[in-house]
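Colleague: One structure coming up, written as structure tokens, with questions to follow.
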Amino acid sequence: MPRPLYSEKGDHIESKAPVRVSRYRGITRLNHWVTACSLILLLLSGLALFHPSLFFLTGLFGGGQTTRWLHPFIGILLFFSFLLLFLQLWRLNLPKPEDATWVANIDEMVKGNEEKLPELGKYNAGQKFIFWAMSGLIVVLIVSGVMIWEQFFDGLVSIQTRRVAVLVHALAAVSIILVFILHVFAAIWTRGTISAMTRGSVTGGWAWKHHRKWLREVAERQKPAPSGTGPSGKEPAE
Amino acid sequence: MTETAPQPKTAAANPPVQALDLGFDARDVVRISATPDVPQPTRQLDKVAKLIDVSKCIGCKACQSACIEWNDTKPAVEDNVGTYENPHDLTPEMFTLMRFSEWVNPETDNLEWLIRKDGCMHCEDPGCLKACPAPGAIVQYSNGIVDFIHENCIGCGYCVTGCPFDIPRISKVDHRSYKCTLCSDRVAVGQGPACAKACPTQAIVFGTKDDMIAHANSRVEDLKSRGYDQAGIYDPPGVGGTHVFYVLHHADKPSIYSNLPDNPRISPIVEGWKGVTKTAGMAVMGIAAAGAALAGFFMRPNRVDEHDEVEAEELVEAEDHSRRES
């Protein structure tokens, strides 16, 4: 079976009345939440060392010394956790022609006239932006972070390079926090989104309204309804 | 015990024998790392300085030994690295180091053996203190001494990034940063630094900065009268002057002395990181978070309505039908 264009093979219609569409399998959700928790811990421990007024946040981790050694290890955890997530999500986050139209008419989205926007696959351009921004910034953060990891990599780069790395690390951290705020805001503002990452599924209406091409594709390959004549179809590949 | 120890005026001065209170203490702190608006002390101590006259140094390393002894450090016994330097570099256990370089003077074709005692310069504008994220881990007293308060140090290495002279070293044992203290504990009780006291040729002297400048000037004059036309004082203005400074016989070329920086200053990258990035970054993140929270509360949410649900059901139903018919 060729790869679907707008959906993952595992996405399927979970129930029909009311319609619920499976969006993320359990392992992907677990992966997402490990990444999310790491990011929040990194954000708290990193901000503590970023600005004196937030140094008190080191208290959450048991003091400055603990915060200092813990932060990079959580960074490593986040990097690999996000890497697994990346491998699962990158394909459907590649740009598509309709993304340009979507971005050009983003004001309609904000005004609530989503009907005027093109039909979309599993992700809209905003979600794709968050995905690629996170991906790029995490690479920048892990690379610059290793360069300033005093405990194990103190001699890795020259002091001048370390100065650049520490500045880049701070700027990338501020940027990823902004992306994170946008991600959380969009998930809450677009009602019905969060269940995709908690229960793993969304309502049919949500899929119809926001990701219609995705819904069409998933509905098209749904397993035939049990019609009383016994099992008649194979479960779609996970 | 109400009388306090006098500020030492020379390194060689013997300490007072009677018990005295500290000559300076935490009340004399003028700057504290990661702490804005430090209340300024009511008194101003005399600025102190250690002068290192490179032209008088014989490279005996008595200063290193005295430093080790006073600070009770235990530098590892190392291998020869091809020069007289031992240990190979400053370490968390070695706060000062004689650096040896062989230089051929292009004017005279003479080989000159340049020996420089390396260690913390005690900058008037300390890059380590500005870079430090831990409140109270680095302080500066009104006499100019920059000191690390180890119990507040978190071992992040930002001081290494901030220092224009590559001085602080982070211990792999206790993960705290170490450097020369200018023997602040000795100075506080009226004694000069251990290295200065041990120096057999008085290449290292200690006193008020004014006295040391005057002494340095007389040394420069002497060197010039003996043919060192470029003799001069190394008290770099880029870091506001330093409280450890040099007399160099080739003051026009500081870098020949084992890479002493020609024009040291806190890197603009560090200033940008600790300046505009910190302030603007906090503002941008704060505004974004507050804006998102307000929008979350007051903006009409993007809801799915009954019509969408019906459409979805019809779509799924229609696909189902077409599939069953085929």
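Cβ atoms are placed via backbone N, Cα and C, with glycine included.
Relevant sequence annotations retrieved from TrEMBL are reproduced here:
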- A:23-200: domain 'Cytochrome b561 bacterial/Ni-hydrogenase' (DOMAIN)
- A:219-238: region 'Disordered' (REGION)
- A:33-57: transmembrane segment (TRANSMEM)
- A:69-87: transmembrane segment (TRANSMEM)
- A:129-149: transmembrane segment (TRANSMEM)
- A:164-189: transmembrane segment (TRANSMEM)
Colleague: May I ask you to check whether the transmembrane segment (A:33-57) and the transmembrane segment (A:164-189) make contact, with contact taken as at least three Cβ pairs under 8 Å and only pairs 6 or more apart in sequence counted?
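Modeller: Answer yes, regions in contact.
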Colleague: Is the transmembrane segment (A:69-87) packed against any residues at least 6 beyond its ends, judged by a Cβ distance under 8 Å, and which are they?
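Modeller: Non-local partners: 28, 31-32, 34-35, 38-39, 41-42, 45-46, 49, 61, 134-135, 138, 141-142, 145-146, 149, 151.
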Colleague: Pop the mean pLDDT for the domain 'Cytochrome b561 bacterial/Ni-hydrogenase' (A:23-200) in here, whole number is fine.
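Modeller: 96, rounded to a whole number.
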